[in-house]
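Just passing along the structure, written as C-alpha cells.
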Amino acid sequence: MLLALLLIIPLAASIAILAGAPARLTTLGAAALNLILGLFAACCPDCAGTISWLVLESPAIHFSLGLDGMSAVMLVLSVIVTLAAALSGSCPEGREKLWYSSILLIAAGAIGAFISTDLFFFYAFHELALIPTFLMIGILGRGGNERKAVAWKTTVYLAFGSIVLLAGIILAGTQLESFSFEHLAAVENHQNAIALLLIIGFGTLVSLFPFHSWAAPAYASAPAPIAMLHAGVLKKFGLYGLLRVGLAVAPEGMQHWLNLLLVLLLCNIIWVGFVTINQKNLASMLGNSSVMHMGYIFLAIAAAIASGGNIFTADGGLTLAASAAVLLMFAHGISIALSFSLADRIEAKTGTLEMNKLGGLAKTAPKLCFLFGLVAMASIGLPGLANFAGEIMVFLSGFEGWTSDQELGPVQIATIIAIWGVVMSAVYMLRAFRNTFQGPLEAKCENVTDLSLLEKAPAILLSLVLLAVGLYPNVLLNLLK
Amino acid sequence: MPTPLFYLFAVIMLAGGIGIVAMRNPVASAFSMIVSFIGLAALFVGLNAYFVGILQILVYTGAVMVLFLFIIMLLDLKKEEDRETKTPTLLAGIIIPLLLVLQLVAVFQTSDLGDFKPITKDSLIAAEAQLPNDIPADSQIRKELKQGSLPDVNLIGQKLFTEYNFPLQVIGILLLVATVGCVSLSKKLIPKA
Amino acid sequence: MHPSLLLILPLVSAVVIHFFLQQKRASIAALVGTLVTAATLGLSLMLLGSENSTTLFNWIQVGDFKIDIGLKLDQLSTGMMIVVSGIGLLVHVFSLGYMKDDEAKARYFGNLSLFMFSMTGIVLASNFIMMFIFWELVGLSSYLLIGHWYQKDSAADAAKKAFLSNRVGDFGFLIGILMIWGISGSVVFDEMSLTAGTPFLAAAVLLVFCGAIGKSAQLPLHVWLPDAMEGPTPVSALIHAATMVAAGVYMMARFFYSVGIDVIPECSAMTIAWIGGITSLFAALMATQQDDIKKILAYSTLSQLGYMVMAVGLVDPNAGMFHLYTHAWFKALLFLGSGAVIYACHHEQNIWKMGGLLKKMPVTGWTFIIGTLCLTAVPGTSGFFSKEGILHAAHDKSHFLFGIAVVVAALTTFYMFRLIFIAFLGKAKNKHAEHAKEVPLIMGVPLILLAVMALFSPFLGSLIPAVDGFHPHIGIEMNLVTGCSIGAFILGLAGAIVLYKEKESDPLAGNAVMKVFRNKFYFDEFYAKLIKVFQDLVAAVVHFLDEFVINGLVVGGLTRLAQGTGNIFRAKMQTGSLQNYAFLFGAGIILVIYLTVFL
Amino acid sequence: MPTASLTEYLFISGILFSIGLAGVIIRRNIIVIFMCLELMLAAASLTLVAFSRANEVKGLPDYDGQMFVFFVITVAAAEVAVGLAIIVALYRARQTVNTKDLTSLQG
C-alpha cells in the first residue's frame, strides 16, 4: 500500500492544486512527504509490499506495483529530484497552478513508471509525464516563440520513440505469458527485430545518437523544474527499460546489435562531446552534456549485453555492469538536476546565460560559484562525487572478463574511446566555469546578490546527495543487493 | 411477394428515387420521395414486415416529409438557381453509383442466395411449438400462430420490451436530446453585450 | 595512533576551513591548517619504518568485485609522507607570512589542506583505483590553487590548462589501470605481481606512464607546469616543485615494484627513459632563456623531473626516488626563496629588474645559493649524490642517454648561475630591487630549515622513500661518471660567468636559436594551433553537421516532408465542397469493397 | 405464382442506395442532399428487412433485423429534426442552402 501512496500523494496534490489549494505549499508538502515515504520504502522493500490488480484478462495486464533494488534506486532518485525541482525555479506570477501541478504530475508519472511491474503501466506512466512536459515547455518555457516549436519538436520526437518502443513491447509481449515483469523472459521469435525496436525506442527517449537533437533545445527552453525532472529522472526511464526489459526479452537480439549500439554510444560521447564544446550558451551546453553523458550509461548496458545479457547474479544482486549503469543513472540524475537548478539561478540573477556576457561571478556570488563548481566537477567525474563512482564502475565493467590472453574486444575498444569523453567533458565544463565565474567581473555580474537560503535549499539537498553517494557508493549499491 | 407485384413496387420506388435526384424543384423532390417511400413500404409488406412498412409510411411520409416540405416552404426555396450542374460532377455522380451497382452484380453472379421459404399456415403452426417457454400459453402470439397468422406487431413488441429494452431507453434519451438540440439551434443567437 | 589520521586530519581541516572559517576568521583558518600539517608531520615521523597494509573501509562492493580504501605503509610511502608533510609544514609556515594580506586567505589555506589530504591519499594508496581517486583530487587542489587569483585571466587560464593537461594524461592512465586489472586480475598493489612476457604488459605500462606524463609534466604534456606559476609562490614550491609533480615518479615506482621490477618490458622502459631524457634536455634549454624567476625554476623542475623519469625508465626507480627526495627539499627551498624575493620586490618577477639582492637579503640570498649548489650538483651536496645515481644508471644502459644527462647537468649549472648573477649579484636594476628588505622571520625560518634539509637529506637514510633496503651511495670517487658530472658543472659555471657576470641585459637576446629557446620551442603556439584545428574546428564542424545535417536535413527534412504532405492534402483534398467529399467517399467505398470482396 | 427472390430484393436496394449516392454527389441543394441521405438509409433498411425475412429462426422471420430498422427509423427521425434545424440556422446565417456557397471548411 505504501507504493500506491507514493503515487496517490502527488496525483492528489496536483488535483488539489488545480482545485485551488495553495500551490507552492501543497507541492512542497507532497514532495517532502513523498521523499520520506520513498526513502522508507527503498530502505525497507518488505514494508513497501506489492500490489497486483488484474485489469485486462487477455492479453493479461495487471496494475501491479513492486519494488526491487533497481527500482528502489530510481524511486529514491525521483523523490529527491522532485523535492529539489519543487524548490527550484521562479514561477511566473499567476501561473502557480500549471507550474506546480505539472511538477507533481511529472513526478507521479516518473515514480509510477519506476515502481510499475507491468509493461503496460510502465509504459503508460511515462507517457503521462510527457503531457505536462509539453505544456510547460510550450507555455512557460524560455525563448519567445521558439519555445512552442521546441515543445512540439520534443513531443513529436518522444512520441516517435514511444511508438517504436510500443511496437517492440507488443512484439515481445505477445510472445510472453503476461505483461508482468515476473514473466519477462527471452522470447523465441523475432529477437533481432525486438532488440532493434527497443534500442531505437528507448534510445530516442534517452537521446541516443542520432535521435538526440530534441534534448538540448528542450532543456534549454524548459523551465528549470521541468528540465530537472526530465533530464534527471524521466529520461532514465529509457535506460531503466532497456536494462530491465530489453535485456530480459531479447538478449540474443541485443547481442546481434551490440556493435551498432557501441558505435551509437560512442557517437553520443565523442560527436555530442564536440557539439557541447562548441556551445556558447550555458543552458544548451548543459543540455548537450546531459546527452553526452548518456553514452556512458549505454556503455554499461553494452557491457551487460556483452557479458550475456543477464543482469542478475545468482544470489539476486546485480552484476557489475548493471550496478554501474544504475549508479551512474542516479549520479547523473542528481548532478544534471543540480546544474539546471543553478543555471536557472544564474539567469535569474544576471539575465543571461550567454557565456561571453558572463564573467567573474565568483566575486559577487561565491556560494553560487561553489555549488556550480561542485556540480561542474561532478560532471567532469571528480572522485568524491557520485558521478565518478558511476563512471569508474562503467569503465571497469567494460573491461570485466577481459584477460591478457585475448584480443581487445569491441566493448573494450569502445571503453577506451569512451574514456576520451572524460577529457572532453573537462574541456567544456571548465571552459564554462572559467567563462562564467572566473576572469574579470563583467557588467552583468556586477550587481548580483548571492543565493538566499531558499534558493540554496534545493542545491544543498542535491549536492549532499552527490557527496554522500560519491564518498560512499555502497549506500546505493547495498540497495541493489 | 409475387414477382409482378414486386417489380411494380420496385419500379415505383426507384422512379421516385430518380425523381428526387432529377427534379429541380425541391418541392417536387419531396413529393417524389413520398412516392418512393410508398413503394418501399409496399416492398416491406411483401416481406411480411407489416409493422415496419406501416412505420415507414407513418414516420417518413407522414412526419419527416412534412417536416421537409415545411422547411422548404419556410425557407421559400424556389427552383435550384440557374447554375448548371457541371459535366464532371454529373459524370462522377453517375460513374460512382454505377460502379457500385456493377460490384453488386458481380457479387450476385458468384453467389446463390436461394429463395425465401414460404410462410404458410402450417409453418406458422409449427413455429408456435418452437416458441420459447417464457411466452405464456394464453398470449396473443401463441393464439395467432395457432390460427396460422403472423402476429407481427406482437412479436416485435415482445422483442422490443425484453431483449432490446435498454437500447429502447437509450433511443428515448436520444430523442429527448434531439428535441433540446432543435430548440437551442432554432433560438436566435443573442450577441454578447 | 592510527595511520588513517593522516588522511582524516587534513580533510577535516579543509572542510572546517571552507565551511566555518571564512573571511572573518581567516587567521584562525591559517592556524588550523598549519597545526594540522604539523600534526601530520609528527604522525609521519612516528610511522617511519612500519610496514603493513590496512583496509579502512569498503568503497564499492558488487558481488565479488570490490574496491577498498586502504593504506599501504612501507619505506616508500612513509618516506614520501615525510617529504609531503615536512615540506608541507614549512610551506604553510612560509604562507603565513606570504599570504598575510591576501583577501582570500581562508580559501587558500582550505585548499592547501585539501591538497595535503589528496597528496597523502596518493602516497598511502593501497590500490590503483584509490590512487587514481586521489590523483584526481590533487589535480583539483592544484587547479584551485593555481586559480587562486581567479580574477586574473592568466591565472584562470593557467588553472584550466593544468587541469586539462592532466586529464589528457589521466586518459591513458585510466586505460592503463583497466588493462592492469584485466592482466593481473587485481588493482591492489599487494596482489599485482606478474610474470615476464605477459601480453599487453608493455602497452599497459606505457598507458599507466601516461598518467605520470600528465602529472609530472613530461613532454609532450609539460606545457601546464610553467603556466602553473600563476599560482601563489608557496603553492608552486609545494605542489609544482616538490610533491605533486613528483607523484608521477612515485606512482611509477610503486607500480614497478608491485608488478615486479624484472617483468617490465624493455621496450616500454626505454620509451619512458627517452621521454624523461628528452624532457630534461628540452626543459633545460628553455630555462636558459627565461626572464621570469619562477619560470626558470619551473623549467628547472621539468628538467629534474625528466631526470627522475629517466631513472624510472632505466628500471632503477630507487635512483629516481632518491633524486625526488633530495630534489623536493632544495627545489622547495629555491621556490620559497624566489617567493621571498618576489615578496620583497613587490611582486616583480623579472630577473632583469632585480640585482644585488644578496646584500639586501642575506638570509634569502644565501639559502638560495645553497639550493642552487644542490641543484647544480656541486660535489658533496645532496643533488650531487642523487644525480650521481641516475648518471650511473644511464651510463650502464645507454651512452646516448648518459650524454644527454651530462649536457643537461651543464645547462642546469648555466641557467642557475645566470639567475644568481643577474638577480642576486651585480647592481640593482630597479627601484623595487633597490629598496628590497629581508623578509620577516616567519618566512626566513622555513628557508633556513629547508637549506639544512637540502644539505643533509642524503645522510638521513631512514627518511628516503625507496624500496628493498635501498642505501644511497654517499661518497665521491673519481670515475668517468663523476668526472663528467664535475666537468659539466665547471663548463656551465664558466659559461654563466662569461656571459652574464655584471650584465644589464641578455647578451644572447638577439640570437635566433636562443629565440627558439625563449619561446619554449613554440610548444604553446603549436598546441594552440592543434587545439584550434583538432578541437575547436572539429567541434565547430561537428556542431554544424549536427545542427544542419542531423537536425536540419534529416529531422527537419522529415518534418517538412510531413508538413508538405499534409499541406498537399489540405489544399487539394480539403476543398470544402460537399460534392467532392461525397465523391471521394464513394470512391473510397468502392475501393474498400474491391479490396475486401474481389481480392 | 413465382415469388421474388432475396437476390432481387438486394439488387433493388442496391440500386436505390446508388441513386441516393448519385443524388448526394450531383445535387447542390442541401435539403435535397438530405433527402438523398434518407433514401440511402431506406435502402439499407430494405436490405435488413430482406435478410430478416430470409433468415428464419424457428420458422419465424429473424426479428432482430427488423429491430434494427425500427431503430434506424427512430434515429433518422431525430437526425432529420436536428439536421433541418441546423439547415435553418445555416440559412439564417448565410442566406443560402447551396453547397457551392458553403465551403468554409476549405483547408
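First residue shown is number 1, and so on along the chain.
Cβ coordinates come from backbone N, Cα and C, glycine included.
Here's the feature list from TrEMBL:
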- C:6-21: transmembrane segment (TRANSMEM)
- C:28-49: transmembrane segment (TRANSMEM)
- C:59-109: domain 'NADH-Ubiquinone oxidoreductase (complex I) chain 5 N-terminal' (DOMAIN)
- C:76-96: transmembrane segment (TRANSMEM)
- C:125-411: domain 'NADH:quinone oxidoreductase/Mrp antiporter transmembrane' (DOMAIN)
- C:132-150: transmembrane segment (TRANSMEM)
- C:171-189: transmembrane segment (TRANSMEM)
- C:195-214: transmembrane segment (TRANSMEM)
- C:235-257: transmembrane segment (TRANSMEM)
- C:296-315: transmembrane segment (TRANSMEM)
- C:327-345: transmembrane segment (TRANSMEM)
- C:438-460: transmembrane segment (TRANSMEM)
- C:480-500: transmembrane segment (TRANSMEM)
- C:578-597: transmembrane segment (TRANSMEM)
Relative to the transmembrane segment (C:76-96), which of C:28-49, C:296-315, C:480-500, C:578-597 accounts for the most Cβ pairs at distances under 8 Å?
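Between the candidates C:28-49, C:296-315, C:480-500, C:578-597, the best contact partner of the transmembrane segment (C:76-96) is C:28-49.
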Is it possible to list how many residues within the domain 'NADH-Ubiquinone oxidoreductase (complex I) chain 5 N-terminal' (C:59-109) are helical, extended or coil according to DSSP?
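Helix, strand, coil within the domain 'NADH-Ubiquinone oxidoreductase (complex I) chain 5 N-terminal' (C:59-109): 29 helix, 13 strand, 9 coil.
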Would you report the average pLDDT that the model assigns to the domain 'NADH-Ubiquinone oxidoreductase (complex I) chain 5 N-terminal' (C:59-109)?
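Taking every residue in the domain 'NADH-Ubiquinone oxidoreductase (complex I) chain 5 N-terminal' (C:59-109) and averaging pLDDT yields 88.
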Give residue numbers and ranges for long-range contacts of the transmembrane segment (C:195-214): same chain, 6 or more residues beyond its ends, CB-CB under 8 A.
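For the transmembrane segment (C:195-214), the list is 135, 165-177, 179-180, 182-183, 220-221, 248-249, 251-252, 255, 259-260, 262-265, 267-269, 271-272, 275, 309, 312.
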At a threshold of under 8 Å on Cβ distances, which of C:235-257, C:296-315, C:438-460, C:480-500, C:578-597 pairs most often with the transmembrane segment (C:132-150)?
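The stretch with the most close Cβ contacts to the transmembrane segment (C:132-150) is C:235-257.
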